[in-house]
Each structure stands twice: as C-alpha cells, then as structure tokens.
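Colleague: Sharing a structure below in structure tokens format, with a few things to ask.
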Amino acid sequence: MTTDTAPALGGRRAALPRLVSDYGVYAAVLVLLAYNAVFTPYFLDAGNLRTQLVQAAPIVIVALGMALVIGSEGIDLSVGSVMALAAAVIPLYLGFGMWPAVLMALLAGIAAGLFNGTLVAVVGLQPIVATLALLVAGRGLALVFAGGQLKQLHNPELLALGDGELAGVPVIVLAAAGLTLATAILVGRTTYGRQLVAVGGNRPAAVLAGLPVRRILITAYVLCGLFAAVAGVFATARLTASDPSAIGNLAELSAITAVVVGGTPLTGGRVRVLGTVAGAMLMQLVRATLIKHDLPDSAAQMAQAAIILVAVYVARERRTR
Amino acid sequence: MITDSVAVPTTVRPGRATRAERLASLSQRHGALTMLALALIAASVTFESFATAENLAGIAIQSSFVAVIALGMTFVIIGGGIDLSVGAVFALAGVLAAFGSRWGPVTALLLPLGAGALIGLVQGVLIARTGMAPFIVTLAGLLAARGLMLALTTEGAETPLVPRGSGFLGLGRGVFLGLGVPVWIAIVLCGLGAVLLRRTRYGQFLFAVGGNEDAAGLMGVPVTRVKVVTYALSGLLAALAGMLNAARLGSGVTILGVGMELDVIAAVVIGGTLLVGGAGAVGGTVCGVLILGVIQNVVNQIGTLTSSVQSVVSGAFLVVAVVAQTYLSRAGRAR
C-alpha cells in the first residue's frame, strides 16, 4: 500500500523513469535477495534472515517517522540524538519497573518532537536548523543524564524486548511491522494523512484551504520523535545496556537514506511507507552482502553513497531547487 | 535547498530602509559580534585563566581549522546550498597529507588539496547539472569520502605518520608573532574570502544565485559555473583545514571530523548567514566560529563539566541565535 498523493508532477515525465522511480527499490531488494540466495552460502538460513530483519528493524522504525516529516517538506536531523536520549532516560526510571521506564523514554521522544515541531511550525525556523540544534544538544543532554557512562541493564522484562520472540518472530521485528502498518493506515486512510501530504505539497495552499497547518506539522515532528524513542528503547534492550554515546549514532543519515531510496521526495507532498521499509531493507541487504563477501566497511559506505545518488537521480523531479 | 517554508526572506540587504528595518538588519549583521563580545567579557570576568595570551592563542588555533571550513560553507550556504561532506573531506585530507608527506612536503600539500577540490567539483557538477538536492549529493559525498579514507587506512586501523623533521610539520606547528601558522592562514583566507564575496563579480553572482536561482539565470548569471566553483572551493578549504590539522598533529587521525559538518553549519548560522541563501557574511561566520570556540574553552576551564555539557550549550546557543535571527529578519520585513 503505497500511499500516493502526488502533486501534479508534470505530465512530461515518461512512463519508464516513473516506473523505475516508483518500484525500483522493490526490484533492487528482490535482485539482491535473489543474488544472495544463489551466491551467498547459508543466506536463506532462517537464522540469517532473522538477523537481517532484527538489524534493519530500528532503522525501519526511525525511517517511518522520518518519512512523515519529509512528507511535510521537512527533515528531522535529531532522531539519532533522540534515540540516545531515550536510552539515557531508561536507567533513571528502571527502578520503578520496565513500563514506567519505557513510558518516560517515549515521553522524552515526544518532548523532543514537540520542541522541534514548535520551532518549525510556530517560530518558522527551517527544519534543518531547528532539528540541527537538538542533534547537537540532544546527545549532550543524554550524556549528562547518564553521567557520561554506559550502564548495564539487568531488568529481564526490558531485555526481553531485545531478544524475546512471539510465535518465533523477534519482538522488535513485530514492533517494526506493527508500526509500519499503523503508519500506512495513518498516511493512507486518515484525515491527518491527507492533511500532512497537503501541507507538504503546498503549504501556502494548505493555509488558504483552512487546514490547521501548525498542528499538523507539530504532530508530524512529535510522531517522528516518538518513533525515534521507540527505536532507542529497542536498541537499548538489544544492547542490554544504556549507552547514549553510541546508540543512534548517524541514525539520521541511515533514516534519511532509507526514506529517500524508498522514493519519498525530499520536496514533500508524498509519503511512501512501504517504499521506506524497502529502502531500509535494501541498505541492510547491501551491507550484509558486502560483508558476507568479505568486502570491508569502507566499500559498504561507498556503495551506500552510490545507491543514494542513483535513487535520487532516478526519482528527481523536474524542478528541485 | 530542500526546505523552503512559506515566504522566507531571501535578502537582508536593504536598499532604502526605514529605521526599524535598519535597526533589525544592523543587529542581525552584528548580532554575532555582540554575542562574541559578551561571551568574551563574561568568560574573562569569571575565569582568571581565560584572558591570558596563552589561552586565547589556544582558542585561536582550535578555531582556525573550523574557520577555514566554515568559510567555504558560508559560500555554499549563501549560494542556497549545503555541504555535508566537509567533515569527511577534512578527515580524508588529513590522512592523505600524512600519507603524502613521506614523499616530501609538496605531495603532502598537493595530494589532499587536489582530492578535496576534486570531491567538491564532482559534487558541484552533480548538483548544478542534474538538479539533485545538495543535501543528498553531499550526504553521498560524506559517505564516499569516509569510505575512501577507511579504505586507505585498512579500515581505520592504521594511522599514517608524518616523518619526523619533515618541513611539512612547520605548517601546523610553527608560530609567528605569537599566533600559530594555521591561525594566520585562516585570517588571510577569511580576508580574501570577504573580498571575493563583496568585491568581485563571482561574489555578486553567488548572492544572486542564492537569492533567486531562476531570476539569476534569466539575468545571465552562469548559475552552473557559479555553483560548481562554490562546491569545489568548499571541498578545497575543507581539505586545507584537514591538511593543516595533520601537520599540527603529525599524523592523519582517522576518527576526526565525524559530525564536524554540523558544528560548521551551526557556526555559519550563528554568524547570521541565512540557510535559505542569498544573505550572509564572512565576518559573521568568523564570529560564529569563535563563539563556539569560547564555549568549548569555558566548558573545559570549568573542568568538572564534560564535553557533553558543551554540546548542550552550543545547541542552546544555536536555537537562541536562529530564533532571534528569524524574528529580527521578520521585523526587518514587517513594513
């Protein structure tokens, strides 16, 4: 269910590039899967597939929130720091049990989103600058909360979030799938989704149409912060430690990459939920493929760079400023 | 630029302005300078050890590398773009300089500068020719440059050293009239940059492109060439900073430069350059860099605070600076 509410894209665009830009990412995922199935030993092993999914899940979750914000013609650079913030908050409240701790971590994400959203929607800052501030300050704040230290966590309930399973599927993968479904419904089937895309497509027009633009934008950033916090909680549980200096490092870049590779244009007005998930899976598969064929991390990074460029080149619209 | 909200001011250079407009534009232009002065005064009153020649020279040298990169970033942002690759180019250039220094100082100079300019050039061509968002192209540039650097150093496990006694080291460690050589280089470059921006045809073209690309193109400004030159310049300057840093450290440290692009952008924005393009000044950027340098130094002086507090303060500063800027430029536009 790709939710397309494309603004008038200019009919001059030929059918083929359009097809490539809309479905290229799924094709790329399939090609990589097929390649690995044939050439990589033990790739189709259940254990390996499971690892790939578990590793991609946090980025999928962050990227879903990012897709909402990018659809509103914004960007959120602070997601990595928000993950760290959520990770730092957990041990502070873990004494009260798992749920209060997780709740506080999620609240921290919501607060961060409120902050970003207010700066963007009410004060009128550019999203890059507004969220850059929290990118810089957020991780610092997280480290201050944590006293600059890694804290081992021993709460079994919390750790179960990281390595537990439900009916053989890791909890974290289920969470990512659930959030994907929720986001797809939000974007495709609710008024809010329509409004978000309208604001992203043409903000002055949305204002004139009487949409509550500020509230819509703030909600998008709040959701993005919340999703980042969820990812932070899962990453912490998987690490079995709260490590604000490492968790979520450069997550903003991975998330933006996933969204962009998935076909959501940076110019807003369109949110592709499944494409985003496929984008995140593609980047994960590329990395895994290179690693399994003994290519170093440096090659993986350069491949990632090339993929980003190709994806955006294919998807670019006639007029990007 | 990707993010282009409703009617943001594209230029703050008044022609014939009312008093309110002049006041707003004045405080916008000199806001960074005022903040810097306040920070300096507050720091020297609070800490005896702050206003010593030694400490100030330390701040200057720390800031000089960032200033050189921020100079290029100022140009890019005035032109309506953004360059996320500078931190990675900085690190790559440091490694290349240390690598090249085994064949003498000339290779140590030319290798990183050539690589930096080339990366910038490729990014500029991609941005100007294909119309892809600068944010994305330079994000890819970041990954590519860092990947290249890791590949050169066997995945970051090796740190190439500059041979002992190499003349190249003087570039980073030399002292002239009490200030380090990198500081002098930064001062000269920023002076040249200000002249380039304000007094040359290229500078005027750049403001025009950043203000309104379509209008600039229709007026006959060579938009493509201006953009390509600007990104090449940014790459070159980032590489120069990396090279100077390698000369100072005596090695090409692979872990440097992560997240540096964001510090640099923060400094440029605090300095009053608008991220929407079409407005900005080198002087403001230098002030922005120095403000962040002073914050860092003060946090270090307090000693009990960690570097995490420093990033909290820097982030808070960034918010205050841009919010103030936004309201000031709105006041300037109000009538």
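Heads up, the Cβ atoms here are built off N, Cα and C, so glycines get one too.
All TrEMBL annotations are machine predictions without curation.
Copying in the features that TrEMBL gives for the protein in this structure:
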type: TRANSMEM; residues: A:23-44; note: transmembrane segment
type: TRANSMEM; residues: A:50-70; note: transmembrane segment
type: TRANSMEM; residues: A:77-96; note: transmembrane segment
type: TRANSMEM; residues: A:102-122; note: transmembrane segment
type: TRANSMEM; residues: A:129-147; note: transmembrane segment
type: TRANSMEM; residues: A:167-187; note: transmembrane segment
type: TRANSMEM; residues: A:216-235; note: transmembrane segment
type: TRANSMEM; residues: A:298-315; note: transmembrane segment
Colleague: Below 8 angstroms Cβ to Cβ, which residues of this chain, lying six or more residues outside the transmembrane segment (A:298-315), approach it?
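Modeller: Hits for the transmembrane segment (A:298-315): 17, 20-21, 24-25, 257, 260-261, 263, 265, 279, 282-283, 286-287, 290-291.
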Colleague: Are there residues at least 6 beyond the ends of the transmembrane segment (A:23-44) whose Cβ is under 8 Å from a Cβ of it, and what are they?
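Modeller: Sequence-remote neighbours of the transmembrane segment (A:23-44) are 261-263, 275, 278-279, 281-282, 285-286, 288-289, 292-293, 311, 314.
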Colleague: Between the transmembrane segment (A:167-187) and the stretches A:50-70, A:77-96, A:102-122, A:129-147, A:216-235, work out which stretch tops the count of Cβ pairs under 8 Å.
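Modeller: Comparing A:50-70, A:77-96, A:102-122, A:129-147, A:216-235 against the transmembrane segment (A:167-187), the winner is A:50-70.
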Colleague: Pairs of Cβ atoms less than 8 Å apart decide it: which stretch in A:50-70, A:129-147, A:216-235 has the most with the transmembrane segment (A:77-96)?
Modeller: A:129-147
Colleague: Counting Cβ pairs closer than 8 Å, which of A:102-122, A:129-147, A:216-235 has the most of them with the transmembrane segment (A:50-70)?
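Modeller: Top-ranked stretch among A:102-122, A:129-147, A:216-235: A:216-235.
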Colleague: Where else in the chain does the transmembrane segment (A:102-122) make close Cβ contacts, counting only residues six or more beyond its ends and a cut-off under 8 Å?
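Modeller: Residues 74, 76, 78, 81-82, 85-87, 89-90, 92-93, 130-131, 133-134, 138, 158, 213-215, 217-230, 232-233 contact the transmembrane segment (A:102-122) from elsewhere in the chain.
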Colleague: Can you tell me which parts of the same chain pack against the transmembrane segment (A:216-235), counting only residues 6+ beyond its ends and a CB-CB cutoff under 8 A?
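Modeller: Distant Cβ neighbours of the transmembrane segment (A:216-235) are 57-59, 61-62, 64-66, 68-69, 71-72, 74, 76, 78-80, 82-87, 90, 102, 105-106, 108-114, 116-118, 120-122, 161-162, 172, 175, 179, 192, 195-196, 199, 206, 247-248, 251.
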